[in-house]
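Trainee: Dropping the structure in here first, questions after.
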Amino acid sequence: MGTIDWDAVQTADQVQRGEISAAECVEAALSRIDNTNPTVHAFLHVDADRALARARFMDHNLTRETKANLPLAGVPVAIKDNMVTTDMPTTAGSKILEGFRSPYNATVVELLEQAGAIIVGKTNMDEFAMGSSTEHSAYGVTRNPWDLTRVPGGSSGGSAAAVAARMVPLALGSDTGGSIRLPASYCGVFGIKPTYGRVSRYGLIAYASSLDQIGPLARSVRDLSRTLHLIARHDAKDATSLDANTILEAPIPTALQSLRIGLPEEYFGEGIDVRVRTVIEKTLDRLRESGVDLIPISLPHTRYAIATYYLIAPAEASSNLSRYDGVRYGLRVVGDDLIHMYQNTRQEGFGPEVKRRILLGTHALSAGYYDAYYLKAQKVRTLIRQDFDNAFEKVDLIVTPTVADLPFKLGERDLDPLQMYLTDIFTVTTNLAGLPGLSQPIGLVDGLPVGLQWMGPPLAEDRVLSAASALEAILPSPEWPLSGGIQ
Amino acid sequence: MNLTEKEVRHVARLARLAISSVELSEATQALGRVLDYIDLLNELDTDAVPPTTHVEAIETVWRQDRVVPSLSPEEATANGPQVSSQMFVVPKILDGGEG
């Protein structure tokens, strides 16, 4: 066991107690990145010098008392490349932002660094977070550390792969339709999308503003709690940021039997890979054996969620992405006049999936189609929310598979957008309803990880984290991949 | 609902995308398939259902009208592809636009 095997809490504890220096932790992470990133390609950018300088500063200049007040002292952290950083490039996986250097830091970046975290780099992602496989990055694919011929999931695939391959114990991702939980499931790590509005999105490059939310990926539940405790704060710079109770620094020990846990029939029907189903059923049996009463419930509008999402998200994206026009930042491709400059810039700067979604969203919002598409989707969104309101009158939490299948092969779905879209069927619902959702690794089948999803009512992160922590305690410790045979 | 290449070309123009003819035919097919799938929503009678524009209960958020430090003009224009005297330079707007 070396430092790369520690979770963030253990790393910070050891640094705080002076058992190990922050520089040693960062050096170990950087060396692991050197060894594994060329094959996994989780990072788009690594700033070793800056990370080491900050770690050495912490080691040499901070007293033990000061470090004791830094909950992430010396913890190497990766940031998805759609959160802006002044000291590193930010591309959002797009050619249109190549060379962009933000004049300010995202709030989450500031909060993590204030807590002693050492940001080592920026992770790969589907361009503008549009995708479920990280294959839609303009800078190459990320490979699943469990099987390098398979996708890590997306869009936060770089962050999930970096945590799974033990390059870093902790990473931030963003989740618009499942982009934290899906890669967490495919890579066998923990990931949580908090309640909409929990974490400030100041400095998060917008995809679909009524759905986007930032959250952590890690190798333990307690790491998710500690990170959310630090970053789920009200921020005046984000008008959608909630002024709510703080998430507890550690999950409260909870007896699972005291919770009413619902199993929605719509998430256990046809279409689930039989191997995934076996692992999920085994975990549900363990819950039953420990005295949990699993209550059958129904979320009847689940089957409409993907259709709803693929109107709302592209519509919002088409508006958000209008800012990439070659005027103020990013790529500019010359044209005869302003309109042609816009068109040439966007044509060259955006990849095929981003263009598809811009076209779909523009169509859904265009004259004559708005009511039939966008307004219709917003109404169905209300029905999906009401499903959850009704369910949470009967149960405290809901449990589902995170995703219906195992990580698929690279290239398997990128020719069929609809097939790719359907990957998110179990995760988009919490985005549409604004609820917290957590994916937890529960075991392997054929050497590939399976994830279980917890969903809770708005602001019930503490309950979700406590339940996940209690389940974590009764399951065998998760395994971590060799990352393509690289020890 | 079937989508024609003409409609997609119109949408591409609205979205300021100069898509190629190959992309146009691919996009028409892909979008058609997605829109066919989205037709699923028409199973639902939503006449009496209010739309959800936002999941939060919060209303318009106000702040004090107070001057706080912000980016300098140099910082704000530092990423501009073409900048002159703290202004973004763009091709001429009048004459020659496609209208």
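Even glycines carry a Cβ here, placed using N, Cα and C.
Pulled these features from TrEMBL for this protein:
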- A:Lys80: active site, charge relay system (ACT_SITE)
- A:Ser155: active site, charge relay system (ACT_SITE)
- A:Ser179: active site, acyl-ester intermediate (ACT_SITE)
- A:24-465: domain 'Amidase' (DOMAIN)
Trainee: Hey, does DSSP put A:Ser155 (active site, charge relay system) in a helix, a strand, or just coil?
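Mentor: Once the DSSP labels are grouped into three classes, A:Ser155 (active site, charge relay system) ends up as coil.
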Trainee: To the nearest Å, how far is the Cα of A:Ser155 (active site, charge relay system) from the Cα of A:Ser179 (active site, acyl-ester intermediate)?
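Mentor: Between the Cα atoms of A:Ser155 (active site, charge relay system) and A:Ser179 (active site, acyl-ester intermediate), the distance comes to 5 Å.
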Trainee: How big is the Cα-to-Cα gap, in Å, between A:Ser179 (active site, acyl-ester intermediate) and A:Lys80 (active site, charge relay system)?
Mentor: 11
Trainee: State the count of C-beta atoms found within 10 angstroms of the C-beta of A:Ser179 (active site, acyl-ester intermediate), not counting that atom itself.
Mentor: 37
Trainee: Under 8 Å Cβ to Cβ from A:Lys80 (active site, charge relay system), same chain, six or more residues apart: give me those in sequence order, or none if nothing qualifies.
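Mentor: Result: A:Lys122, A:Thr123, A:Met125, A:Ser156, A:Gly158, A:Ser159, A:Ala171, A:Leu172, A:Gly173, A:Ser174.
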Trainee: Any idea what DSSP makes of A:Ser179 (active site, acyl-ester intermediate), helix, strand or coil?
Mentor: coil
